[in-house]
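Below is one structure, written out as structure tokens; the observations come after it.
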Amino acid sequence: MQVLAKENIKLNQTVSSKEEAIKLAGQTLIDNGYVTEDYISKMFEREETSSTFMGNFIAIPHGTEEAKSEVLHSGISIIQIPEGVEYGEGNTAKVVFGIAGKNNEHLDILSNIAIICSEEENIERLISAKSEEDLIAIFNEVN
């Protein structure tokens, strides 16, 4: 099972709240067999502890440490929100990465996302990508 599959990418989405964005990221992972139904509630638990907004229009919601048992396969969902969504404290997210990692694979996933998002040009490419293949290509450049 691929960590980032085409089915895990939702382009050009419109959501009305941070909660809706997190739910969509989690539901995408559920629908494609990466996590159990309970994972979304663990994502919200994690968000209550501290915001998963990373700056530069990027948010990376994920489950709590206890949520590891809900992860069936390591994976990423990418929700592209070109118009942005209020993500708390005046921050706007335009790309939301839902992540789930078996064992410690989430650290590798986070590392790849951090490398990609350290370049402002890559963030612009993520926000403006017109196809799932375009987004996957950005990730393949890092690996």
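Glycine residues also receive a Cβ, built from the backbone N, Cα and C atoms like all the rest.
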(message) For the candidates SER74, SER111, SER118, I need the one that Swiss-Prot annotates as phosphoserine.
(response) SER74
(message) Neighbour count, 10 Å Cβ-Cβ cut-off, for SER74 (phosphoserine): what number do you get?
(response) 21
(request) Give me the non-local Cβ neighbours of HIS62 (phosphohistidine): same chain, 6+ apart in sequence, Cβ-Cβ under 8 Å, ordered along the sequence. (result) MET43, ARG46, THR52, GLY98, ILE99, ALA100, GLY101, HIS106
